[in-house]
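Undergrad: The structure's right below; bear with me while I get my questions together.
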Amino acid sequence: MQTIKCVVVGDGAVGKTCLLISYTTNKFPSEYVPTVFDNYAVTVMIGGEPYTLGLFDTAGQEDYDRLRPLSYPQTDVFLVCFSVVSPSSFENVKEKWVPEITHHCQKTPFLLVGTQIDLRDENSTLEKLAKNKQKPITLEQGEKLAKELKAVKYVECSALTQKGLKNVFDEAILAALEPPEPTKKRKCRFL
């Protein structure tokens with residue numbers, strides 16, 4: 001059975017673990033526990049063929065900046081996550097996450113993933129953002145940044161409601177199986 005390795009990166013508390021747990025178990029975790037490193041595997045059928053989708057969760061906190069890249073070798077696709085209600089996590093996509101993955105894995109495709117879309121219209125969230133003269137990140141802003149950073153695509157979801165959740169992983173599988181440059185194998189390799 002062919003394996004697709006998908007590594008999830010992004011700031012702490014943007015919902016990376018919830019995204020993975022909700023997708024693999026159909027349950028939403030009730031409490032926040034920072035991740036050091038975790039992985040999950042699911043079997044998916046693509047064109048009648050079974051594939052193992054290996055999902056690697058990583059810690060977003062700075063304390064793990066030296067440890068995190070150890071999970072990058074042999075990656076087929078990255079999910080670079082930010083919360084649509086955390087403008088700082090959106091900024092860090094450009095400032096930290098894409099530079100980090102492209103430094104280690106220059107040719108590996110990545111998707112830009114906006115998480116927590118269920119909070120985009122929630123009053124208490126909007127009030128908190130407004131106090132700092134901020135607004136949630138829009139679909140258009142996500143698409144614009146994805147294009148600018150040469151992501152395969154921008155997708156967004158809610159791990160809580162599961163809206164858009166399956167699509168995130170369907171698109172990740174497509175990106176891994178049909179990389180934009182068919183002339184080169186695009187797995188991450190450390191030299």
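Residue positions begin at 1 at the first shown residue.
Placed from the backbone N, Cα and C atoms, the Cβ positions cover glycine too.
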Undergrad: Among 32-40, 77-85, 149-157, 167-175, find the range that Swiss-Prot records as motif 'Effector region'.
TA: 32-40
Undergrad: Which one is it: of the binding-site residues Thr58, Gln61, which Cβ has the fewest other Cβ atoms within 10 Å in this structure?
TA: Gln61
Undergrad: Could you give the Cα-Cα distance between Thr58 (GTP binding site) and Cys188 (S-geranylgeranyl cysteine), in whole Å?
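TA: Cα of Thr58 (GTP binding site) to Cα of Cys188 (S-geranylgeranyl cysteine) measures 16 Å after rounding.
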Undergrad: Just jot down the residues in the same chain as Ala13 (GTP binding site), at least 6 apart in sequence, with C-beta under 8 A of its C-beta; none if empty.
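TA: For Ala13 (GTP binding site), the qualifying residues are Tyr32, Pro34, Gly60, Ser83, Ser86.
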